[in-house]
Amino acid sequence: MASSSSSSSGGSERKLARDSPLDNRARFNLSPVPSMDGDEDDNVKYENQRDHPNLDDIDAESGEEVDLTGGAQGSTTAVTMLDNHDDVRIGFGKKYNNDQVTNVTYVVRKHYENFETIDWLKDLMRNRIRQRNLRAQRRQSCKKRLIFWYDAWSGWICVLLVGVSAGIVAGFVDIGAKWMSHWRTGVCTSAFWLNREQCCWASRDVEYDEVHNEICKYWRSWSDIFGIDKTTVSAWFFGYFMFIFWSVIYAAFIVVLVVGSAPYASGSGIPEIKTILSGFIMYGYLGKWTFFIKSIGMIFATSAGLIVGKEGPFVHISCCCGNLFSKLFPKYGNNEARKREILSAAAATGVSVAFGSPIGGILFGLEEISYYFPYKTLWRTFFCCMIGALVVRTINPYGNGHEIQFPVEYNVPWATFEVIPFIGLGILGGLWGALFIKTNINWLKYKKTNHIGRYPRAEVIVLTLITAIFCYPNSYLRLTMPELIRRLVGQCHLDDHMDLCDYERDKPIATATAKLYAAVAGPGLHRAIWQLFWALIVQITLVIFTIGTKIPSGLIIPSISIGAIAGRLIGIITEQIAFKNQHLAILRHECGVSNEHCVTPGLYAVVGACAFLGGVSRMTVSLVVIMSEVTGGLSYIVPLMVTALTAKWVGDAFGEGIYEEYVKLSGYPYLKSRESFPFTLKAGEAIRANRSGENPPLACIMQDGMTISRIDTMVRQHPHSIYPVIISEDFPCLVGQIQRRDLLAVLKSRKMQLTYTQTKPLLNRKISVVSMSNLLNKSGQPSSLGMRRASLALQASKILQLHKLVDRAPIIVTDQTPMEVVVDMFRKLGCRQIFVTKNGRLQGILTRKDIIRLMHEANVSRKFEQ
């Protein structure tokens, strides 16, 4: 049967249908999973390429929105979805043979457009087809067998390369950052490439100042180099000037480099990595230029003395390594879903090489980062983290003979009454985390609407200037944050002369291995308390304005530093209270027997660091393991657990963690896997809620046929990523879906056809296939080679047979499906969209962004109700 529309002057608009004695509706002859084999038309020859010298110029014409209504007078080309049938009729009884029908073949897409969500189901299905083909071909030849085994081991080879490269970069960044930081205060005259600690290794007469900095003849301050007596006031001010000068130079260099060359290199990158691992495409964020700029930027940003850390950006750097190495293996480079397995392992390795915490990195990836983490990825992540930690240990960037940053060299048992101050630290950490998140997010929102955000370079330079001015007068703030943390978590020894270890001990200590006894705080300790309190205020204030600037900036080390300062202060206070009140019943059993040192202030610094980092990030299990591995204090698991859990409970009472808030601030389509849907809506009600009570018509493609001009108008007016294919407007039964990108490629080819006025002899031949894979290049834009092939094929026919572009396996639910089920389908199946039907008729479409919007509105309304 055939149906036709009314004709106008000199032309008619035709719709095609399959001639069938049983059913007058067109049907599709498609398998649920389109095959990748046989899609390429390798028989098309470009014998007339010399006859079309301007094809590249024509292909360079821009614009998706093109006018395709032109063409030969008296005819309008129609687009239809038909079966492979050799008897095709139009409404006027005219019969076309196969020479006039162009069969547009569908190839599973290997590349996505930027800022698009991947289709997990299709990518994983395509990977299974590829593996099945390799397994079937491995017996054909030795080459095929080698390809099969190479593909099977490519995952392990890839994570090996990622682990090695991440470890090398981590060692390079740590060594460079420490050297450049010390360069602000002086230089090693014997070997300028050595930092202060390494410079004094060769000296026999080494002394230490009040913050345990090395003093030797090889290390000279800038005032000494310029011939200024170090005992004068002018020497102090000259050192002050050089400290500010080098800090500003470092910050100015990196902010100009980041803003001008790699904007994606700013920030920590963890919120974006979470979004990418959930299936979002961000081209360039994991590119080689971002990798290079951020690696250099972490050195300069931390060396400038800004309150930022380099450990968070290591996650981003490792994922860049994973993305670059995955391109060497087609198994991962051509499949976005499988690539995320490598990226998950790389993200965990970033934590491993940053802290020397391989097990903590794995748990961090499971708890905080990864969205899709199959069982086999766990073993590859374990292997990758192990390799990264081994490489860091081999390089030895910390100079302490092992791969951990803040080694704890004491094993003093903690007392039961100390649970009270541990819980207090957890409460303070949760409160500070909530305060920081609120103020930092509000500051970033304010910058977006204020002129401050228009000048990111000036913002960073002014912030660096303020930071240097406030930090230099304080000896503890003059240290780098890793050095400060190492001194705060350490235990006092007999040969320590820094202010933190100044106690008035009555009993003489016989040997170096004897236990230290509690004592009254001396004047140096009182001086250190006030300096640490000033350092705490300065870091808390500056970190709010520093995080979020256009430089590589991590929040993990600043949080640990602030928590370590607060913990050390509370530890000293607890120590003095316990010493002066040993007669109390709660202290008599623990501290009153032999007057031994029952309270360790360094332990409180470790617990405080855990509390404040947990209050910001809301991590629990991975945080405890990371802190245990970073410090080596495996005896303090329980205090860390108590503190981390308390900080999370207190922080959750005020809102979400910093990474979730940054995701919402950036507007990324991240669907949290642990959040429940608070409403009892049905799928049909959710569609109406998204439309705000309106009921506009859906943008659909009819299987019976549509003109090219009508499809072009629909694509321009409704720029959706996908369009449903229904039987007809009167009977909107869903039969499949078609990608906007595929339609645009066909329309672009049709535009090229209309530029020719003469018919070449070659154009009269039968061309059966136009491959969509050749229409698009790797960047997602139509390629000149593919457009030439498409133009040849489209000019050879009046009918475009698009049935193979249609995906016949869409995800469908009824309007009575609970939204809890729909949300779980988006999370566990990784759907891009779900079609909602009622009695077989299409009602609407739910996308991932619709679900995120509904959940956000539900949370907002629930807060107002409370």
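Glycine residues also receive a Cβ, built from the backbone N, Cα and C atoms like all the rest.
Since we're looking at a predicted model, the values are computed, not measured.
Residues or ranges marked as region 'Disordered' by TrEMBL: 1-59.
Look at TrEMBL and you will find 1-11 tagged as compositional bias 'Low complexity'.
For 12-26 (among others), the entry in TrEMBL reads compositional bias 'Basic and acidic residues'.
Here TrEMBL flags 43-55 (among others) as compositional bias 'Basic and acidic residues'.
Cβ atoms under 8 Å from those of the transmembrane segment (147-173) belong to residues 131, 134-135, 137-138, 295, 298-299, 310, 314, 317-318, 321-322, 325-326, 328-332, 341-342, 345-346, 349-350, 352-354, 376, 380-381, 383-392, 394-397 of the same chain, restricted to positions at least 6 beyond its ends. Positions annotated as transmembrane segment by TrEMBL: 147-173 (among others).
The transmembrane segment annotation in TrEMBL covers 237-265 (among others).
Taken from TrEMBL, the feature transmembrane segment covers 286-308 (among others). Packing against the transmembrane segment (286-308) from elsewhere in the chain are residues 169, 172-173, 176-177, 180-181, 183-184, 243, 247-248, 250-251, 253-254, 257-258, 261-262, 264-265, 269, 276, 314, 316-317, 319-324, 343, 463-464, 467-468, 471, 480-481, 539, 542-543, 546-547, 551-555, 557-558, 561: each is 6 or more residues past its ends and has a CB under 8 Å from a CB in it.
Positions annotated as transmembrane segment by TrEMBL: 342-366 (among others).
Within its own chain, the transmembrane segment (378-399) has Cβ neighbours under 8 Å at 155-156, 159-160, 162-164, 166-168, 170-171, 174-175, 178, 197-198, 318, 341, 344-346, 348-349, 352-353, 356-359, 361-362, 365, 405, counting only residues six or more beyond its boundaries. Per TrEMBL, the feature transmembrane segment maps to 378-399 (among others).
Look at TrEMBL and you will find 419-437 (among others) tagged as transmembrane segment.
Per TrEMBL, the feature transmembrane segment maps to 458-477 (among others).
Summarising the annotation, TrEMBL assigns transmembrane segment to 528-548 (among others).
Per TrEMBL, the feature transmembrane segment maps to 555-573 (among others).
Feature annotation from TrEMBL assigns domain 'CBS' to 806-861. Taken as a whole, the domain 'CBS' (806-861) shows an average pLDDT of 86 in this prediction.
At the 8 Å Cβ cutoff, the transmembrane segment (458-477) and the transmembrane segment (237-265) share at least 3 close pairs (sequence separation 6 or more) and count as touching. Broken down by DSSP into helix, strand and coil, the domain 'CBS' (806-861) contains 25 helix, 18 strand, 13 coil. Tertiary neighbourhood of the transmembrane segment (237-265): same-chain residues 180, 183-185, 221-223, 226, 228, 272, 282, 284-285, 287, 289-290, 292-294, 296-297, 300-301, 303-306, 456-457, 460-461, 463-465, 467-469, 472-473, 478, 549-552, selected by CB-CB distance under 8 Å and a gap of 6+ residues from either end.
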